[in-house]
Structure formats: structure tokens, C-alpha cells
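Below: one structure, written as C-alpha cells.
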Amino acid sequence: MMSRTVRLVLLALACTVDLSQASGFTENGLSLLSYQLCSYPVTRSVQKLQAVQTSHTAYVYCGGWIPWKKCPKTVYRTQYLAMDVPESRNVTDCCAGFEQLGLYCVLSLNRSREFASRPGVCPTAEAEPLSPSCSLDTDCSGLQKCCSWPGGRHCVSPTPTGTEKSMVSWYNVTVLVKVGFEDLQREDPGLRNHTRLLYSLVTSALQPLNPAVHYLTSTGGKDTFTTVSWLLMGFPRLMTVANVSVMLDDMVNRVYEVVSIQVQDVNECLHSELQACSVREQCRNLEGSYQCVSSQRLNHTDEDCPPIRDFVALNVTSSSFHVSWSLNSTQNYNFHIQVYKGKEILRSAWTRGHTMAVSDLEAGVLYRVRTSYLGCGANVSATLVVKTDAQVFQVTIRIMDRNLTEQILDCSSGEFWNFSRQLFHEVQNSFPQAISDLYRQGRLRMQIVSLQAGSLVVTLRLTLQDPDFSVGVHTLTPMLPVLSVSNVFQVDQQRTFVQDWDECAHSSEHDCHPSARCINLEGSYTCQCLTARDASPSRAGRVCEGDMVIPTGDELSVTTKVTVPAASTGITTFGPETLTESLSSKHPRSTPARSQTWTPVPPSVRDGGSIVRQDRNSTGQGQTHGTHQGTTDAPLHTTRESQELITKDPPFLTATTTGYVVWHSSPTWKTPPNSTRLQNEDPRSSSFPGPPSAPTDVTPESPACVPGPIGKVTVSNVTSTSFSLEWPADIRLSPAFHLTLVSPRGPAMTMETQNNNVTLSGLEWGTLYLVEIVAKVCGKEGARTQLKVRTVAQKLAGNVRITSMQYSESFLNTSSREHREFVELFFRTVRDSLPATLRQHMDAGRIRVDIINITNGSIVVEFNLLMTADLDVREVSAGFLNALQNTSMLEVVRGKTFMQDYNECDMKEDDCAPGTCRNTFGSFTCSCDEGGPDSQVEYSGRSCDGDPSGNMTQTPGSEWSPTPAGTRGVPVPIASSTAQDLPLRLNLMDAVSVSCEIETVIITIQKRFLQQAAIPEASLYLGEPSCNVSRSNSTHVFLVAGWGECGTILQSNMTTTVVTTTLRNNLSPEGVIHHPQFLSPIHCAFQNDVLTSSGYTPQWGVYTVIEDLHGTGNFVTEMQLYIGDSPIPQNYSVSASDEIKIEVGLHRQKSSLKVVLTECWATPSSNAKDPVTFSFINNSCPVPNTYTSVIQNGHSSKAQFKLRIFSFINNSIVYLHCKLRVCMENPRNSCRISCNDFRSLRSSEALHQMTWGPLHRTEGAQACTKPVLGTGYIILLAAAALLVVAGATTLLILRYQRVRQKYNLRIQTDDFSYQVFSQ
């Protein structure tokens, strides 16, 4: 009784609330997330009931002695009359100039000059006769316009106008929406509504920038259920790609149908409509813009192109700094200064001076400043790293009543935001008064750096800006007792502490010069040059110059000539400038990113002298109090550790009788304690630091004693542990050649030799080395020559998720006992699970496993797998994957355990320069670019000045045996493009997408991937060779397999239906392998349990592609209502006596799939989880007294039932919802169920929702109809009444006879000796 009362009360409340507002829509059906919504006051006439009293005279008995006498009496009666009353209210509708289109506000169709226009104006010359006809600009291809001519409207190339030239930045915008292109064309011929909807959304999202948006074209997406549209977008001021993308992300969040938006720079130089360079000028494309350079300036090749020097930072404070530079030139250049914070550009300015002030910055943040100018047809630039002043401390808090969960690791979840808000509030309240004052003044910033398990360990970073007093750990320690008695959290006093933040722990935390020592201080740090001179004493350790001598051991003295300037400099040709983030903790490998410097970290010694390489990666920005900065992964403050399963001791030098200098391995070699690694000029091009590539300036000397230049260096005999170098040189002056070898895993090493050839051995395999050679004579140095050489190895990357063990924060410490025990267990388990052949290769040192990272969740291990060139990389990959997935000692998640190719080209671990790197499975190949003969390096076997018809050879695997892996054969010269123009190399993961549909599995493969891997289209098939490519276009090939065809296996249980097939490519008829072979299982999983509501269709499933090409899909349901056999639309009105037939099922019929209804209910709103519900089907059977009858359930892909919905629901509006389960019919499993044995749906199973409705009660029907009895109940009651009457009558007759004693006495004829009394 109480439950029914509560439901009625909630229903009454729901009726009084505006249901449109509760559901996120206006009363006109507009989404409240739409743009261009305005509120208008509206006065409407509303009918209201008013009480009116009327009087009349009635005659009543007067009373008294004459009772029949009547007297007149005035009687008042209250009547309720409906009257029209004006009522004012605010209505939300589209703003002026916009009209409603579906759920959103768009420009009206008569404003086609805005949303369907192209840049430029129509030319004066008449169009060609064969020009296509058109009606709007969008009917034309490319950037053509639709212009009127005497013969009609035709598409022509436009003439630029001042409007387009005023636009500074032009970008291409790619929008992916959830609608099939064929369906879109059918519903919107000409795509007029689609065009104005895109235009309106994009322009509204970018307000108030006033962009120029031009629609280009649309086509179908990678599957049949998406559409890709391209827009051209211009801005009146310079905008970066990152900033535009962030603004358009709001459109993705607001508009459900938009899947993604991608912004790319436009090369204005290719389109005369977008640039204003004259005929005598040459257009040079820049990011977001372009430059016009005079031909005279381009042809002036002898013009001086001096480097930017003395680039330093001055007057650094917590919120500002000055930068200064010099240029040895008589010309007055215009310098472009850009200030970056990570990838985001904060400042962009031009100046003709040599100084620039930068203000309004954050305290304690590392900024990157880039200054550049245009000279001699090149872009000369210099980069400087500056960190603003601040005092930084670390607070570690262990909260015992909270656990680390997936929700709290998701920075976009409500649980994370609630937790961070409570934590910041508790920490703020625990501050001492002086610190609390700084916080209120905005001079203290709190940031969540990491969240770790056990129970929940939070690391906070406190950044203090310009405190008025001395702040140290002792100043913050008083907060701990207050925090430990928090009423919100149970804080562990033993594991909660304050400590200094060590900025010297990683180069991303300080701006010290690579040749300087970072010295950590309490709250801050300082830098000290290790060289002869500090060029900027005002900021010590930022600009170091001169020689640096490192203390040595007994075996080797390493002397390094430090020539790295304070700022990395470079000269690049004109073209798009790509600026990447300075450092990122999400980098997939432990290689340094752009502008990353390596701090001196002495190698850890383990197991009697084996070297464990160690490097740290930066911490990404965590959650900052008061801001919303992206997501935060766990752990937020990661330290990447790289450990080798098989390690080597560092090499040392010995001289041989042949004059060669050979490096050998020695267990007694010791690393110099203060060894310093050098910074490379452009860390993007290398996986390790090194000396700069710019030649050292040499003071002119007399020809009698001037070292000659190093000629072209020839690299030969490259193996996994050695290589040889040889170079021509003028030996008349007996020069000494100074060689420096830099490895990413060890200190820089130097040597001197009188010979012009050297063999380096005892090296690590699969490692990219940087070699610098300089000739010395008379105490003078000649020009330096640099080259990179990679030792031979095949390399893969792997990932495994282990669930049988819990992650521990001690895994971050490589010297901890827990870390060592886990690593030993992991190595031992992997080795023991390998086949005997691979186990022998590993024991012989031909296979090595390097652990790169160990992270939480439960335990995720990232590792690299290196192997010698003669091993079959695919066999090794399959063997390791099988060992990891089937190990008996560790329980792993098979879907999160995989082996994949390590892309040496993307990771810049190749030695192809100046050629182009092309990635292959396990290794890479090199090809020569134009200009290769001018290179100072020649690799034996791939000379760029050789036969131009030479063919590029593949790297070795089981298919290629002539050349060791990592060495390159004769390359293909590429004369038409440069390395910057080449597309990124695809792998199988990126090139293949899986679309899981009902009855069909569709595989889409990019043709570029097939061309890169030299795989013929004709060799591809699904399951069986007959199921080959179904269709293809210019960019993709498609393979389609129906369920039950092409070897497809269909399996189903109570929760999931899984469709499995295999993507293969066959061999050539000759049996010779001409291309890589792959065998990729494909799995499509569908959830059987679905929540279907009248009106919402869930998205089709798709596209998570991992190594073995998994995909997910959804059964798409539909609900249709009928009266009789006629379907009824939404917002239909029915009466209480109308019997509605409802059909629920799958979008497509499949004979083997049956639909079983488990539960159906109605709600007064579109929310299926509304607390007010009216159930009419439960456990697959009708609920009594709901006038519901099931027609069919579990017999086919459709379920049907009838009901009179308003016979038991008093509300005027209802929405219908049903849960259904997909069942596969087979002889052992029948989908037909009875009403007694069907299970209830588990609450944990996946549901999808759509909304139909509403259904309205017919006008004039009673608002609250009393329940009436059905025909069956009436008949039953009548029969019971008759039975009662008959029984009562019989009893009365019997009693009457007994009282009157009326009996019949007769003698029976049978032979009995007694009498029988009968009535």
C-alpha cells in the first residue's frame, strides 16, 4: 500500500514538472545543447477554471404545526466555468536569423549565400562550354564557384578578393557524423540541410572569432553508417591547429551525432584563391599561414645566413622573463618569436629588435621559446628552454578508507571530481595561517600528480609563487597533524609526509644546460657548469661553453669537447614547421622527445657488474585545483624503467697492430662517476643526445698548419656488435682524429687515432650510435663530421596485463626487493613457457627482453623484444605471444596481451639520413632522397650516388636472407619528394578496421598499407580463399563475410553472441614468399541482453582493432506500435479502450536468432529508469490486471503482444520500454520459454536504450478513469453468485422439511429386514 501511494505521489509531481526540460529538450523539440538558442517572452491564452456562485429560489417545508406548508428559500450554487486567461512565460527557441532543423538551430534556406558559398568571386571571363551546370557553389568540385552566364549557371574557378586575403589562417576541417551517406542522400537530396547544419554548428562553436567557413564535399565513411564531410575554414588572425581543435571539441560534446572533428593546416600556396603572392614572388607555406618571398631573394644563394647566437633568458621571475639574442649580420631581419607551453603556443610576435619580454606566465612552469628569421631562402631558428621561478614541494597522503578504482582514475568522472574537491578542501583547511593566506591570494597552486594503490596514495605538488617569507618543509609540516584528524578521510599518519620536490630528478623539471650539473635545493634548484666557462653568470648553469674533463678510472680517460650551445639551433628549408611537445609521459617508448635533455644518471650495478640502463620520463600535467586539464592516467607521475634480460658491460679501447682501434667488452671497466651525456641538436631525429650537427666555427689559419676537412665517411661491416668507419684525409700534417661515440644507454666515449679508419666492436645490438669525427693539428680543430650508425637487430614491442598479482608502488624503485623479485619471476616464467628452440636462442644470447615500464592495472608490463638478424621474427613473435598468453604461473588478460612491430622510423632509431626510413615488421629499410650524393656519409651497399635504377631491398626475416637485419641494400632514389612529404608508415592495427553488423562482418583495409607491405589485393581473403575482396575504391579494399559463410563460426551463450573468422593472405603459386604473410583472427562480440524503448536506435557496433582484430557490435532493435494492422507514429493519441499491438525485434531478420522479451514497462517520461513505472510484462509473462496478452515470444526475431495501456494507467502521456534477450536456436537449446522457468535479467548485463513516444490519451477521456472489471471477472462473479443462491435455497428447503416432518414411509421390495426413510 505504501509503495502504491509513493508511486502516485511521484506521478503527480512528474505531471507538474515540464517534462521537456527534464529530458534536455525544449517544448518545440530543440536540444538544450544546441547553439543559437534565445529566450523570448510569450503571452498566450490559457483556459483556467473559475468558481462562479449563482442563486435561485427553492420552496422547502416551513415546519411547524402545518407540516405540509412550503416557504421560499434562496439557494446558492457554485459552478466552474472555463475562461481564457492571458499568461506570460519565457519560451526557448532559435535566435533571430535561425530556424529549427530537427534538434538544432540552423540558418534558413534563403541564406544559402552564407552556408553554400566558396571563397572568391566570379570571374569576368565567360565559362568554358563544357563547364558543369550548377545551382549553388556546393554543387561544384574543389574551390570552384557557381556563376551565372547567359547560357545558365556553370562551375568556374573564382578570382580572389580582398575578403579572402584578409584571412590569415586557413585550415581543413574533417567532420565524421553518425549517418549513412546513402541514407543522407536519400533523405536530403543535394545535402542542403546537411550543409547548413554543419555551417551553423561550426560557426557557432567558433564564436566570437568570426571565421569564414566554406563547405567542400561529403562522402561515406569507413563503414556504411558514417559520413565524412570536409570544410574549409579561415580566420582573420593567426590560430594554431591545437587551439582550433580545442574549440571544436565543444561541438563534439554538444552534438551527439558528431563522432570526431579533425583540423589540418591548408597549403595556401596550392590555391590562388587563398593567397595573395604576386607573380614575381614565391609562396612558402607555414602552419596556418603562408609567406611571400621574392624570387630575387630566393636566387641569392651567396647571401650570408648567420646562426642566432647568445640566445639567453634574463630577468626571470615567477610570471615573466626577457629573452635576448644576437646575429652577426649587417642586414635588418624580422624575427618571429614563439613561446610554447608543451604543445600549446602561448605567444607569437614579430620584432626587428634582439630582445623580447614575455609576461603573464605561470610560476614553476617550463616554457620553450623559439626565435627564427628568414634568410638565404631558409628558416634559421634557435630554441631556448626557460623555467619560471617558484618554490615546489611534494605532499604524499595515504588515505586508508578509499581504494584506487577505475572511476577515480578517470579524470572526467564525477567520482574523481568529487574526490579531488574534497581532498583540496581538506588540504586547504590544514594549511598554517601564512600558507593559507598565500592560497587565498592565488599564489599557491595545488596539483594532483599521481594516484596509486595501497589503499589510495595521493601525491600532491604545491607550487608557491613569490612568498613574502622563507618557506621550507618545516613551514608545511604543521599541516600534517591537522590533516590526520580529517572528518572526511581516514589518513595514515605514518605514510603522510611533506618533502622537497626534486627538480633535478628529470630534465623536464629544470632548465639547466646539458653540460651543467643540476643541484637540488629545498624548494628549488640551481645549476653549475661543468665546463671551463659560464657564458651567462646571471643565470648560472644555463649557458656552458668550453672543454669539460671528466674524472676517470684506471682503464679509460674520457674527455669530451662540449660544443652544445645554450639553445639548440638549426637551419631548415621553407615548409610546414612541425613543433612537437617537449616531453610527454605518454610517449610509447623511453626515447626522448623534442628538446629533451638527459641528466647524468650513473648506471646501477647489479649481479656483479651487469649494467641496468635507467632513464626517467617526465610527468604529465596532473589535476590542478580549480582547473579542468585533460585526463590523468594512473600513475600520473610515472618513472619509466628499462631493464635488460641479457646485459653487457661497457666496452673499452685497445690499439691493434693494424692501426685499428677496437672496442672490447671488459667486466672490470668502470663508468666515470660524473659522466655527462650530450644533447642532440634536434632530439626528434635521434633516440639519444649528442653533439650539435652545426659545424664549429674555425678561425682562419695559414695554410701551413690548418686541419683539412673530413671527407665522406664510409660505414661498412655493420653487425649486431660492431661496425667499421673509413674516411679520406690529408695526412701530410699527420693529423690526429678525435672520435666521440654517444650511446643512448651510456656515457659519451672518446678516442684519438692517427689512422683514417677504425673498427668499433663490443657494442650493443639494435642500438643507434652517434659518431663525431674531427681532425686536430697544431692544436686546432677542423670541421666536425657527424653520422649515425645502428647495429643490426630485429625489434618488436610487447605488452602484457597480469591479473594474478597486485601492483605495488615499490615497483617504481628498481632497487627494491619487490621489483627485483617480480622481474625475476617474469623473466623465469616467460623463459620456461617458450618452446625449446626459442629457449635455446635466449640462453645463447640471441634473444633479449628489455622491460620498459611497469604500471598499474593490475600489473601492465611493457617490454621490447630484440633478436638477431638470422631469426624468423614472426616465429619469435608468435612463440612469445603464445608463451605469455598460456603461462601457468601468471594469469594474464589475453585481450591486453599482444606483440607488435616496433616502428624504428617513427621512434627515430634509424640511420637512414639523409635518406628516407620505411618501416618493416621487425626492422626497417632505407631509400635515398634527392640530394643524397652531397651527404657526408656513405653506407656500404646503399650509396646514394650509385645506379639510380637500383631497387630497395627488404630487411631480413624468414623471407630475406642476403643482408643482415638493420643493414640496407641498394636504395631507390626518390627525386620527387622529401622525407617531410612522405606519409607515415601504417601497421596492421592502423590500416584495418572491423565493422560488426548483424548477419555481416566487414573488413576495411587501406590500400596504402598493402602497397607499403607489397601485399597484392588478390591475395586477401576471409576464412576461405573464395571469400576474397568484395569491392574496392581508390583508397580502400573491402572484404565481407556473412554469418555462416567463409568459415565464419557463430557461438552464443546466455550473455554474448560471438562471430569469428580469420583474415589471411595466400602465397604465390610458385611457393616463393614475395610479401609478408599474416593470419589475423577476427572476433565480433554482441551483447544478448538489450533494453529497447520506443524511439531510440543505438549505434551500430565497431571498431576496436588490436593485434588480432577484435571488434564489438550491438544488436540494433526496433519497436513498432499498431492499432489493428496499421502502424501508428509517435505522439499518437489513443483511448483507454484501444488495444495496441506492439512488435519488438531486431533490425534485420535472422532465422537462427530469436528475440525473447523478459520485461516491459511504461513510464510517464522518456527515462527508462524513471522511479514511477507501470510494469505489464515480467519474467516474459503478462502482469495480471494490465490487459496484456502475449502473441509470440521466442519464436522468431520479432516478439509481439497486445495491451490496453490506458486501461490501467491514469497518466495522459506514457513511454514504453522493454528488455529483450537474443537467443540462438539449436537442437539442444530452445528459445521458447514458459512463464515459470525463465530467469530474470541480471542487473550487470549491458543494456541499450531508445525512446519511443509519447502516447497520448484521446482528448475528452477522463483524466482519472476508475479501474473496471474485465469480462472474465464479471462472468466468474455471476457464477459464484448463482452458486451461493442455489446453495442457500437448498439449505432452506432441507430445514423446512425437517421442521414440518414431511417424510415418505414405504416398504422396500428387496429382502431386507429394516425400513428405509427417503425424502
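Sequential numbering from 1, following the chain as shown.
Here the Cβ of each residue, glycine as well, is placed from N, Cα and C on the backbone.
Disulfide annotation in Swiss-Prot: Cys105 is bonded to Cys94, selected among Cys94, Cys122. As annotated in Swiss-Prot, Cys529 shares a disulfide bond with Cys544, one of the listed residues Cys512, Cys518, Cys544. Out of Cys905, Cys944, the record in Swiss-Prot bonds Cys917 through a disulfide to Cys905.
Among the disulfide-bonded residues Cys62, Cys105, Cys512, Cys917, Cys1160, the ones whose Cα is located within 10 Å of the Cα of Cys95 (disulfide bond) are Cys105. Cys71 (disulfide bond) sits 64 Å from Cys1160 (disulfide bond), counting Cα to Cα. Note on the domain 'ZP' (995-1238): mean pLDDT across this stretch is 72.
When the disulfide-bonded residues Cys38, Cys105, Cys277, Cys512, Cys912 are ranked by how far their Cα is from the Cα of Cys518 (disulfide bond), Cys512 comes first.
Cα-Cα distance from Cys38 (disulfide bond) to Cys62 (disulfide bond): 68 Å (rounded to the nearest whole number). Counted within 10 Å of its Cβ, the other Cβ atoms near Cys95 (disulfide bond) come to 14, all protein chains included.
Here the Cβ of Cys926 (disulfide bond) has 25 other Cβ atoms within 10 Å, regardless of which shown protein chain they belong to. Across the structure, Cys529 (disulfide bond) and Cys292 (disulfide bond) place their CA atoms 43 angstrom apart.
All protein chains shown were included, and the count of other CB atoms within 10 Å of the CB of Cys105 (disulfide bond) stands at 24. The two recorded residues Cys917 (disulfide bond) and Cys105 (disulfide bond) have their Cα atoms spaced 49 Å from each other. Sparsest Cβ environment among the disulfide-bonded residues Cys292, Cys1218 (other Cβ atoms counted within 10 Å): Cys292.
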